[in-house]
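Features of the protein shown, as given by TrEMBL:
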- A:THR98, A:SER99, A:PHE126, A:PRO127, A:THR128, A:ASP129, A:ASP197, A:HIS200, A:TYR222, A:TRP252: pyridoxal 5'-phosphate binding site (BINDING)
- A:LYS223: N6-(pyridoxal phosphate)lysine (MOD_RES)
Protein chains: 2
Amino acid sequence: MTRTREECAALDAADPLAGFRAEFALPEGVIYLDGNSLGALPRRTPERVRELVEVEWGQQLIRSWNDAGWFALPHTLGARIAPLVGAAAGQVVVCDTTSVNLFKVLTAALRLRPGRRTVLAEQAAFPTDLYIAEGVTGLVEGTRSVLLPSAADLDGMLDEDVAVVLLSHVDYRTGELLDMAGITRRVQQAGALMIWDVCHSVGALPIELDACGVDFAVGCTYKYLNGGPGSPAFLYAAERHQAAAAQPLSGWFGHARPFDFEPGYEPLPGIGKFLTSSPSMLGQVALGASLDIWERADLQAVRAKSLALTDLFVELVEPLKLEVATPRASERRGSQIALRHPDGYPVVQALIERGVIGDFRAPDLMRFGFTPLYVGYRDVWDAAHHLAEVLESGEWRAERFNRRGAVT
Amino acid sequence: MTRTREECAALDAADPLAGFRAEFALPEGVIYLDGNSLGALPRRTPERVRELVEVEWGQQLIRSWNDAGWFALPHTLGARIAPLVGAAAGQVVVCDTTSVNLFKVLTAALRLRPGRRTVLAEQAAFPTDLYIAEGVTGLVEGTRSVLLPSAADLDGMLDEDVAVVLLSHVDYRTGELLDMAGITRRVQQAGALMIWDVCHSVGALPIELDACGVDFAVGCTYKYLNGGPGSPAFLYAAERHQAAAAQPLSGWFGHARPFDFEPGYEPLPGIGKFLTSSPSMLGQVALGASLDIWERADLQAVRAKSLALTDLFVELVEPLKLEVATPRASERRGSQIALRHPDGYPVVQALIERGVIGDFRAPDLMRFGFTPLYVGYRDVWDAAHHLAEVLESGEWRAERFNRRGAVT
């Protein structure tokens, strides 16, 4: 391998983000390269959750809806996520799941483009996005969902029937990063609205929803944002659309006067109309604890380190002669590296037994996520070293690595 | 007052459910009569949540989706709620919020009654149910939502255009309990499908969804079931409808093979098709801790004590000459008593200052919920005594009791 472990140690010593590692409670002996699936536990989260459970719920009980700010959390957490996605105030709320929020913005967007019938979504999107597009267009009379073979085919398919284009900013398998500004412009020039799924980019790189003129976006908080398993999702609706937008999951949290208990729905005037009902407070406060860290993290530094870590990993695994599915150009790459191997599943399992946790996506992708707040350069060296040993030794052929669980 | 505090102490001593009080971590000096809004904290929940956060998330990380059973929780928790609502296996899942689940079953029900256009829902329903009915019918071409002035008007409005009737089993304000068996039968005889909202009855009294032939039901777990603030909701779909039912929030958790990551949606064959996406694991495990208690609670004993507590409260407050909005007949009463008072808001605030926590619903209802697992007969006596003192003293007129928070 080209770089030595000592050189990597020197990079760690000079890393301006190195101090963040202590903010996370990672297990001993583990190199965690799956923060693009489930982010690590922030060290202060357990105490914040304990306080929520034992004091706010247990002792203050129902009064916490007012006194502890529970009722406002979907808004206050949204305001804290806004800078991470380049959004001015009043355009982000934290609620429900990515799929549910996509349902809301997709129906809202379709209604803003009456006369157009088509939702265009990339075939390689995380499948739940496609399933939700099917669900929406199956319900809204006269609309249809069409698969885009790849983002490169977009221009040829942007006809006057396209109401909405839905794309992932970073591909969940290959880690390819799309050109948000350019694609959004072309979609809007064709008269359609643009929805971005930023699940795999938020917290991994700077996002500029406002500057790119994006119409709507959805994202999750349990990957790079470290909100915890199943932590609440968020949605962005550009201020210019909020007055005219309407979404059908019109629950009481989005009502203009929820505590008047009126039988007729009247939405809040702004982003609040995208709320539906009571969120999990445990999930919301755990996310809040994680966002405390993000308030001190410089996204430009995060991006610089992400590119350095992923470059280093590609360089170190080059002798293994595996196909790198992730684009090499930095402007086309998120914060993960995907390597193809026909027996990727057992290879990943063998790595996990060695304490190097990545994951596998069918049919042949080994995914390694690099989260700059808690992964260092020596971790990358060690992970590449283990991968080389697993492949050279053939240990992945052992029967125990070939039994699949429900989640692979 | 007719009954003495000593007589109430004797009732507590003979109470077969008295032992459950020790399962909850209630604050000192508080009589908590708002468990119909947010249930109390089970004593073992903090440790279960700590284990989830620190061990399953923090140490086991992504592996817990398989190893800790996370992926199966919407099903396994659903199976544990099933006996509380009289449902045979395979008909209940725990996911999302009541509003989101109502959206799913309402759209599914409409599709099962093509040619019929009307959703009939009671004007006095908890408003989010009406708002969701508006949301669904606003989206599904040719359907409409019609308000039923009261459940008593149902027969006159059950014409051949009604596709679905949506009612609350227990009224959130008055505590009135509807006749689930009789109403379901009449609705189905008229060719419509019946959806029950059991938010205010689950855990308060036995529910017999299967025996009543109910089509669909939704409910929350943060009231009598003590799952915690914003804990996940559940939904019931009768087995006979599952094959034909389709719901549009068709996320990957409802897919037949979610980890094949196919671009086309193919639902799970059974109740699982009603799942959408990753639930809050903090919310799910907190609910699991609470359901441990419910496995030992006899719902017939819960119902008997609930009626005894509410009877006692009505008897004790009779000298105060307040209008009781809750039906006196036990077969028409849930587990709360609502008293009318034109200045109910400050009266409730004055009670809260004394440690008696109830709540207020506009325009004039003071609500007192009696949760048989942790409220005793002396508590009822003390609460009635405090209410009498607050009204006699006029202390509720103090300015501090008249400032309203966001959640009242």
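Our numbering is plain: 1 for the first residue shown, then up by one each step along the chain.
Yeah, the Cβs are placed from backbone N, Cα and C, and that goes for glycine too.
Using a CB-CB cutoff of under 8 Å against chain B, the recorded positions that qualify from A:THR98, A:THR128, A:ASP197, A:LYS223 are A:THR98, A:THR128. Each of the binding-site residues A:PHE126, A:TYR222 was scored by the number of other CB atoms within 10 A of its CB, and the lowest score belongs to A:PHE126. Cα to Cα, A:ASP197 (pyridoxal 5'-phosphate binding site) and A:LYS223 (N6-(pyridoxal phosphate)lysine) are separated by 13 Å.
Taken residue by residue with DSSP, A:ASP197 (pyridoxal 5'-phosphate binding site) is part of a strand. Each residue contributes its Cα atom, and for A:PHE126 (pyridoxal 5'-phosphate binding site) and the residue listed as 'N6-(pyridoxal phosphate)lysine' those atoms are 14 Å apart.
Proximity of A:THR128 (pyridoxal 5'-phosphate binding site) to non-local residues of its own chain (separation of 6 or more, Cβ distance below 8 Å) is seen for A:THR98, A:SER99, A:LEU102, given in sequence order. The maximum pairwise C-alpha distance among A:THR98, A:SER99, A:PHE126, A:PRO127, A:THR128, A:ASP129, A:ASP197, A:HIS200, A:TYR222, A:TRP252, the residues recorded as binding pyridoxal 5'-phosphate, is 30 Å. The secondary structure of A:THR128 (pyridoxal 5'-phosphate binding site), as reduced to three states from DSSP, is helical.
Secondary structure at A:TYR222 (pyridoxal 5'-phosphate binding site), as computed by DSSP, is coil. Every protein chain considered, the tally of other Cβ atoms within 10 Å of the Cβ of A:THR98 (pyridoxal 5'-phosphate binding site) stands at 27. Note: A:LYS223 (N6-(pyridoxal phosphate)lysine) has non-local neighbours A:GLY35, A:ASN36, A:SER37, A:LEU38, A:GLY39, A:CYS199, A:HIS200, A:VAL202, A:GLY203, A:GLY369, i.e. same-chain residues 6+ apart with C-beta under 8 A of its own C-beta. All protein chains considered, the CB of A:ASP197 (pyridoxal 5'-phosphate binding site) has 26 other CB atoms within 10 Å.
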